[in-house]
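Chemist: Here it is, the structure, as structure tokens.
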Amino acid sequence: QPGARCALFTLSCINALNFADRYVPAAVKTSMEKDLQINDWQSALPSMAMTAVFTVASLIFGFLADREILDRRIILASGIAFWSFATALAGFAQDLIQLVVFRALVGVGEAAFATIASPMIADFYPGPQRNRAYTIFGLSAPVGAAIGFGIGSMLGAHLGWRYAFFVCGFPGVMVAFSVLVLNDPPMGINDDAEDPMHLEDSESDESSESDAPKRWFQEEKQLLGNVYFFLATMGSVAIQFALGGLTEWYPTFLVRFAEMPESM
């Protein structure tokens, strides 16, 4: 679709900022615990709150995007600006409660981006080209995580942990509205070519709006009954579980047990 490369580049750069913001707290956990006088359990609460809010908000934004209630570029821009501003706000936290609230708000903005960006890429690229597009988009995640760890640890060690949140948060606010100028192809524009039954399903859907709840249940049952989808999802859950533990605690482990300075 027209503007596909520009959209992929823009969304990939924003995805890198997304992961940079997500991993900043782990990079400055030692300094943050000392300044706010909190223990390890308490310092994990902000990430838990963000994940919980992210889960619930994803369902809401998915519904809004599917129903096309609002231009998805507006949802994207608002979500990016919101999570970036919330990241910067965490630098002003004076106690654990404020830190938990601000990090929970990050989950709202990240949910908007994560729910909409991937389907949007699918609408830009047909099947044969989509794997390459998702590879580029996916590679921006570890790049962003590395930026978050690097900038966060260096700024945290030399200027204080609050500056790490400021520096990683405010750039997202400035670039958020760049998505408004992207082309937005019709939702599902590639579906008919990839699934010949899709057109028939769409026509039958329009003629049976009253059967929507029943149809939704049948679709969910069919999806959950797909053993390949189930195994792939469980594998993804396992990967995220491992990555979550490593990224949350590995920097602190290096500081405490390898006796490395936080900036390293």
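In case you wondered, yes, glycine gets a Cβ from its N, Cα and C as well.
This is the feature table in TrEMBL:
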DOMAIN    7-264  domain 'Major facilitator superfamily (MFS) profile'
REGION    192-213  region 'Disordered'
TRANSMEM  44-65  transmembrane segment
TRANSMEM  74-94  transmembrane segment
TRANSMEM  100-122  transmembrane segment
TRANSMEM  134-157  transmembrane segment
TRANSMEM  163-182  transmembrane segment
TRANSMEM  223-243  transmembrane segment
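Distances, neighbours, how buried they are, the whole picture for these features please.
Modeler: Residues 14, 17-18, 21, 24-25, 36, 46, 61, 64-65, 102-103, 105-113, 116-117, 120, 161-166, 168-173, 175-177, 179-180 of the same chain, all 6+ positions outside the transmembrane segment (74-94), place their C-beta atoms under 8 angstroms from a C-beta of that stretch.
Sequence-distant contacts of the transmembrane segment (100-122) (same chain, at least 6 residues past either end, Cβ-Cβ under 8 Å): 7-8, 11, 14-15, 18, 21-22, 25, 45-47, 49-58, 60-62, 65, 72, 75-76, 78-84, 86-87, 89-90, 92-93, 130, 133-134, 137, 184, 187, 190.
Counting same-chain residues at least six beyond the ends of the transmembrane segment (134-157), those with a Cβ under 8 angstroms from any Cβ of the stretch are 8, 11-13, 15-28, 31, 117-118, 121, 163-164, 167-168, 247, 251, 261-264.
Only residues 6 or more beyond the boundaries of the transmembrane segment (163-182), in the same chain, are considered here, and those with a CB under 8 A from a CB of the stretch are 3, 6-7, 10-11, 13-14, 17-18, 20-21, 24, 27-28, 73-74, 76-78, 80-81, 83-91, 148, 151-153, 155-156.
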